[in-house]
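Notes to accompany the following structure.
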Amino acid sequence: MSQPTVILATASYDHTIRFWEAKSGRCYRTIQYPDSQVNRMEITPDKRYLAAAGNPHIRLFDVNSNSPQPVMSYDSHTNNVMAVGFQCDGNWMYSGSEDGTVKIWDLRAPGCQREYESRAAVNTVVLHPNQTELISGDQNGNIRVWDLTANSCSCELVPEVDTAVRSLTVMWDGSLVVAANNNGTCYVWRLLRGTQTMTNFEPLHKLQAHKGYYILKCLLSPEFSEPHRYLATASSDHTVKIWNVEGFTLEKTLVGHQRWVWDCVFSVDGAYLITASSDTTARLWNMSSGEDIRVYQGHHKATIWPVNVYFSHL
């Protein structure tokens, strides 16, 4: 059977990674991941490889192969890897871990090429669209900007002392950054390019998105959803909220999951959203109607981290 052209992948604490045909909801491939749970997944820019971050390693799988074995393993972290992503050309990968470090890996060479000390468990790392700055958020509430050109920390922010920064997201054009924390609050900054090479943060908005609950993921909409700009927030209150970035007004609340919603991913055109929950399901939502149009069932423990693989127009 030929591989679907519109697919997504989910991972779970049941130690599996599942590939789904997005339109039909059919699971067509399952990879056993016996070493640990999967904390995070990300696809390479060329859509060929899937990185699965576990404890304490990162495994790279071939998306187009039926082989259950990883093609590469990255092993120098010493605790749960909570963040993973790729540079736009796919030449290097970055990661963040509960061991308190942010690491950079050259995919063309073995081993870790750079390491930055955050001094607290790292929950989230994003790459600025300029490809020269990593932004990390940690369990102690610190946000740090790592200047890859200067090879040093260029900026530190603490929006709320001792309140863990759970998720970070940057607008595709580098104009905004949003940090979500364990108090249900999103902090929004406008990003300004100064006379130096470093980015300056200008406070823009404080959003009480899910007051009294954790925000487990925040995500800004992609380039091809323009002119509409949205912020999605997934929460321990079992909902996902969609906010209009113009004024940060609530557009709609996505209701359907029965437990914590851990992650969300927009389709390329921003018309759909995939969510994943501890209720062991992933759901496909129509952004216009706010209705769920597909439920993906098959995992046996908390479903974490849906990944946009070949998620194109449906």
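Every residue, even glycine, has its Cβ placed from backbone N, Cα and C.
Among the features that TrEMBL reports, repeat 'WD' is placed at 1-30 (among others). Computed over the repeat 'WD' (1-30), the whole-number mean pLDDT of the model equals 82.
For the repeat 'WD' (74-108), the list of distant contacts is 39-46, 51, 53-60, 114-127, 131, 134, 136, 138-139, 146, 148: same-chain residues at least six beyond its ends, Cβ to Cβ under 8 Å. Here TrEMBL flags 74-108 (among others) as repeat 'WD'.
With helix defined as DSSP H, G or I and strand as E or B, the repeat 'WD' (115-156) counts 0 helix, 25 strand, 17 coil. The repeat 'WD' feature in TrEMBL is assigned to 115-156 (among others).
Sequence-remote contacts of a segment are chain residues at least 6 beyond its ends whose Cβ falls under 8 Å from one of its Cβ atoms, and for the repeat 'WD' (224-253) they are 169, 171, 176, 178, 180, 184, 186, 188, 205, 207, 209-210, 213-218, 259-264, 266, 268-271, 273, 275, 277, 285, 287, 290. Sequence annotations record features per position, and here TrEMBL assigns repeat 'WD' to 224-253 (among others).
Marked as repeat 'WD' by TrEMBL: 254-295 (among others).
Helix, strand and coil content of the repeat 'WD' (1-30), in residues and according to DSSP, is 0 helix, 17 strand, 13 coil. Secondary structure of the repeat 'WD' (254-295), assigned with DSSP and counted as helix (H, G, I), strand (E, B) and coil, comes to 0 helix, 23 strand, 19 coil.
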